[in-house]
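Student: One structure is given below, represented as structure tokens, and several questions about it will come after.
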Amino acid sequence: MANQKPPKEDFSLKETSPNISGRRVSTGPMTAFDLVEHMQYLFVRVVKARGLPAIADPYVELKLGNYRAITRHMVKNPNPEWNQVFAFSKDRIQVVSVEILVKDKAVVAEGSDHRTIGKFGFALAEAPTRVPPDSPLAPQWYMLEDKNKARIGGELMLSFWIGTQADEAFPEAWHADVAAVSGEGVSSTRSKVYLSPRLWYMRVNVIQAQDLVLKDKNKKTAEFFVKAQFGNLILRSVVSPNKTVNPTWNEDLMFVVAEPFDDPLVVSVEEKLNNNKEESVGRIVVPLGDVAKRNDAAAAAPKWYDLGMVEVVAGVQKEVKFASKVQMRVSLDGGYHVLDEPAHSTSDLRPTAKILWKPPIGVLELGILNATGFSPMKPKNQVDAYCVAKYGMKWVRTRTVVDSLSPKWNEQYTWEVYDPCTVITIGVFDNGNLQDKAAMDLSIGKVKIRLSTLETDRIYTHSYPLVALQPSGVKKMGEIQLAVRFSCPNMLNLLQLYSQPLLPKMHYVLPLSIYQLASLRHQAALILWLRLSRAEPPLRKEVVDCMLDATAHLWSFRRGKANFDRIIKLFDGLVALFKWFDQIRKWTNPLASAIVYITFVFVLCQPGLTIAAVFLCLSFRGALDYRKRPRQIAHIDTELSHAYDVHPEDLDEEFDSFPSKKTGDVLKRRYDRLRGIAGRIQAVLGDIATQGERVQSLLSWRDPRATALFVIFCLIVGIVFCVVPAWWLALFAGTYVMRPPYWRINIPTFPQNFLRRMPAKSDSIL
């Protein structure tokens, strides 16, 4: 019993029935938030005060039971303005009145409590109820009283009301559940919407240079290459094949740039010296505002640029131009879609240029309701969870629910949809920025939903398991409840997209190489993080990398086995069909073999009816399977991912950094294992290439006798096909294949033997 494995956790997707207005008949005012449960809050907006003592440093304090909220204080201002909103969850309010105090912070230095200038109070039952789209409640002036309820000269302008998370004041309000957070950490708890910058591919086509100046005048030849720099990224061309002062390259250097274009493009021509050093022979600075934008495959016009050198004169850097020139084509290619996510799970397929965009075909609505079953992720046994959802250029971040293992967000967001074959990603993170800015926002789990698998206008409410792969193995971090709805007003526009290319036309007319796409995707992820980190609160690097699957390209032994199993299962049907036919042609079951042969003869006699019958059978089979169609959204499959049977050594390798931090025997063992696997893959790829090359060599005359035999064979077959009806030949071939075992010889056939004797390029490999 001690050796038994622990029971597997439940990673299944569960359908839920939350109390959302989208699934029931509403009896009250209609709101846009119909995919989330309505949560009531008491909102208090403190606007300003007047008539306060001139020597005071006033601030406002709100008391609501055990909750205490304060505004920022004003220095020596009798008419301060705060304009701050405070939100208190009505479910947690256990008192019947709210007390609002105007205090003076100037007496702190004296070591006593802050002096109360005046106060105002109201009963919770007096707060009016406001439901959008009603206009905001107008604030009013209220007289301040002292502790004896006698009026004083000061007044306070405020408003208070009962609302929901649909209120426009909700995102910027101070929430009572973040009372333990102080300082700048409060801003990182608010919900925000971020927009990705518009990304462009910048193509720098370096053509040639003229009249370059050699550093060593005695040299007759020189090696030149071009170095292009944009921001912190530097790309280098190959060394020019003609080693003269007029080198040529004709090479493309590709960058990802984001609007607005802050940095210029710096291109320099470098000379390789004998001592393995490099020295610039001239450079140019190209502002991106002067670069042409193109939307099709028409090449940009080449342009000659004067090279300059930076010289220091009297301690001042000065650009000096001389006769050397370089010819380049520099363009911003707006016909491409800049891939920042894996190609199989991208959330946007539009080209960069807005003029090429087509109208949206629908709307995606996402309700982030709540989560349950979180495990503590901090030393104080707490989780400060928030969600990030990305679709297209729009990122959303929910508010942070502080110190809760079962947080409730109930926030709803909307995106325009331009293509149904896209994926929305929802990630859950633990906010590490509340107390320690150096701490990371750890990932709790992630959910991906493909829009093409959703029925239109249906509300999907499911509880998704948050699965994380850790160095100790796979673990369920909790569950998150989401509500999703994909609406499409015009089904014809939606169906029309299935006949169009997935990516913009430029990806097919002027394709980029695999290496270029990998490098450009890395650049795009880095630029997105740099731009999103400028926001307040910022989206941190670990969050952006997780949402973009920035490490999906790294080696994983576990994923390698999973992909291998996918390939094997893909061919299971073909293998089973081949085994069945092999038994049929060997007459293992004579009755079945006879039926198959009779069917074959009928197919030859009536080919038109047979083809029609096949398509009708496929249509009938598809109609029968409609009742068995999947009703749930596809989610992570731990069995398919080999998450349970993975070896600890494989997990340790998967979580190793890149480059590896391992040394010694561990690194040697992993390298040897990788060489063994790569060797087997290399052998399989070599065998496939050999078979293809043997087919190509049939007419290449590398083996003159074999090619002569094949040419004569083709001539004879051509004459036979001209004389004999095709169905006779097919009947003869089918009869030969279906011949009984008595007439068989268990040796390879003539075509197999002939093909295996053909030469291949494997003979030329060293």
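Glycine is no exception: its Cβ is also placed from the backbone N, Cα and C atoms.
Positions annotated as compositional bias 'Basic and acidic residues' by TrEMBL: 1-13. Residues annotated as domain 'C2' in TrEMBL: 19-142, 180-305, 345-464. As annotated by TrEMBL, region 'Disordered' applies to 1-25. If you look up TrEMBL, you'll see 594-620, 708-730 marked as transmembrane segment.
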Student: Residue list, the transmembrane segment (708-730) vs rest of chain: Cβ under 8 Å, 6 or more residues beyond ends.
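Tutor: For the transmembrane segment (708-730), the nonlocal Cβ contacts are 604-605, 698-699, 754.
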Student: Could you give me three numbers for the domain 'C2' (345-464), the DSSP helix, strand and coil residue counts?
Tutor: 7 helix, 57 strand, 56 coil
Student: For the domain 'C2' (345-464), would you mind checking the mean pLDDT of the predicted model?
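Tutor: Across the domain 'C2' (345-464), the average pLDDT comes out at 89.
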Student: Provide the three-state DSSP residue tally for the domain 'C2' (19-142): helix first, then strand, then coil.
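Tutor: Breakdown, helix to coil: 15 helix, 51 strand, 58 coil.
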Student: Can you break down the domain 'C2' (180-305) into helix, strand and coil residue counts using DSSP?
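Tutor: Here the numbers are 10 helix, 62 strand, 54 coil.
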